[in-house]
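Read through the structure below, which is laid out as structure tokens, and then see the notes.
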Amino acid sequence: MNKLRSSAITQGVQRSPNRSMLRAVGFSDEDFTKPIIGVANGFSTITPCNMGLNKLALKAEESIREAGGMPQMFGTITVSDGISMGTEGMKYSLVSREVIADSIETACNAQSMDGVLAIGGCDKNMPGAMIAIARMNIPSIFIYGGTIKPGKLNGEDLTVVSAFEAVGQLTSGKINEKRLIEVEKNCIPGAGSCGGMFTANTMSAVIEVLGLSLPYSSTMAAEDYEKEVSAEKSAEILVDAIRKDIRPLTLMTKESFENAITVIMAIGGSTNAVLHILAIANTAGIDINIDDFERIRQKVPVICDLKPSGKYVTVDLHKAGGIPQVMKILLNTGLIHGNCRNIEGKTVVESLKDIPVKPPENQDVIRDIDNPLYKKGHLAILKGNLASEGCVAKISGIKNPVLKGPARIFESEEDCLKSILNNDIKAGNVVVIRNEGPVGGPGMREMLAPTSAIVGQGLGEKVALITDGRFSGGTYGLVVGHIAPEAAVGGNIALIKEGDLITVDATNQLIEVELSDEELEMRRINWEKPSKKYKKGVLSKYSRIVSTSSLGAVTDLEE
């Protein structure tokens, strides 16, 4: 084992005052030569996603001790996207990714920790931890809190998206208020992250593919005992990784990021994965850009039938073989790199050697490669005069990913939702929500409430919604997010007017407004940059330093 980083605070006569503080928190003489390992605990009763994390943190803490390390636990924040959705509070969601990253980096570096075990549940916990891990490059492992089991109502599987869609169904007269309340009371049965292949489960899968969490751990149910066993094993492996000096940046390679993109295409993952993978790769110094997603999409089919657009939830994927089974199918067809390593030091080929090349029979959650749900990936990167830097379209679950229609312009999510619930949006409309980008929001809110209301009203196939904001992992329909440049910095989305004809064509990767360059420049002359919405506090700070979404909306981009 190399010299411990923590020796800076534990060794030598001059560190006697430092050791005195450590003795007060439980260190004894023999502990000062052991690796000090941070346990970044995202436990919170704010959200069901994180309410089960403390038991995992305590299991991991004890396992670190038994393996010969010294754990030091500290807290990280979380924001509940599901609770803040559709409110001003949602502006803090993406911001929380940076706060989580900053807090983990700050605690670990300030205390000269030798490694970190991060534990998270809700959406931004995962990328926040990964950004911190990439910044520090100390031996690290991530423990996912686990997915929630499906809610049940009259034999039907429910998720939190069921509740959002019920609002649209109520306003369009498809259900009554009694049914709405029944869905509300039954869709979230306990602890765990939202149960479809939404953002949290997508990002936990990304971490597993990158090799920084254990095989199968990204699809386990939060309330199952195997999750506790996995937490204990994760701690043991981290202590061993410190001894072997296995560091994150040896695992975070161009090839491993390409593997992660390939897997999220195959499983039907969230649009947010584009933003987060770009951010993590940027921090790791890996050349991954938005065009890599389209390049990989063109050759990778969707082989998992998962909500929001599909039939099953993540616990069903786990029963069918989890991410390792998906990876083995992709490896066998040459779609992922087999030489990437994980935190245990094993290559992809070594880790998957005992897994069959065909998915299990008597299940249809995971399909074979020659019988996909879709022949190409579901996250299309569109470009055109509305998004010269690119944007992300989610096209799973829709029959025709092409729509041309008149623009309906909204300057905020709230205004748009009000119009939808008043039945003002008609088939053929292209709904535009702008000034919701990283700078303009600020914070790039997710538009789950409007999209769910559109789907609930039966317009999911007939209306396109485009925005410089984001979409929840629970969103489906013809939706286009992350439009860059955003409206607040003068992107062309700021210049369009009510009734302008917009084409959204995911087949040809095109998003355009039918205006000449000359007309757009004429409109730009009269455009005024919007004033800052926040003068103080974290949102004000964020809006001043955040990058464009096409670079991951990071806050520490090198100038």
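Heads up, the Cβ atoms here are built off N, Cα and C, so glycines get one too.
The annotation in Swiss-Prot ties C122, C194 to [2Fe-2S] cluster, and of the candidates under consideration, C49, C108, C304, the one tied to the same site is C49.
Site annotation (Swiss-Prot): Mg(2+) is bound by D81, D123, K124, and the candidate from E446, E461, E486, E498 recorded at this site is E446.
Geometry remark: S472 (active site, proton acceptor) versus C122 ([2Fe-2S] cluster binding site), CA distance 12 Å. Rounded to a whole value, the Cα-Cα separation of K124 (Mg(2+) binding site) and C194 ([2Fe-2S] cluster binding site) is 13 Å.
C122 ([2Fe-2S] cluster binding site) sits 8 Å from D81 (Mg(2+) binding site), taking the CA atoms of both as reference points. A coil conformation is recorded for S472 (active site, proton acceptor) in the three-state DSSP classification, outside any helix or strand. Rounded to the nearest whole angstrom, the C-alpha distance between E446 (Mg(2+) binding site) and C49 ([2Fe-2S] cluster binding site) is 18. In three-state terms derived from DSSP, D81 (Mg(2+) binding site) belongs to a helical segment. Of the recorded residues, C49 ([2Fe-2S] cluster binding site) and D123 (Mg(2+) binding site) place their C-alpha atoms 9 Å from one another. Other Cβ atoms within 10 Å of the Cβ of E446 (Mg(2+) binding site), summed over all protein chains shown, number 32.
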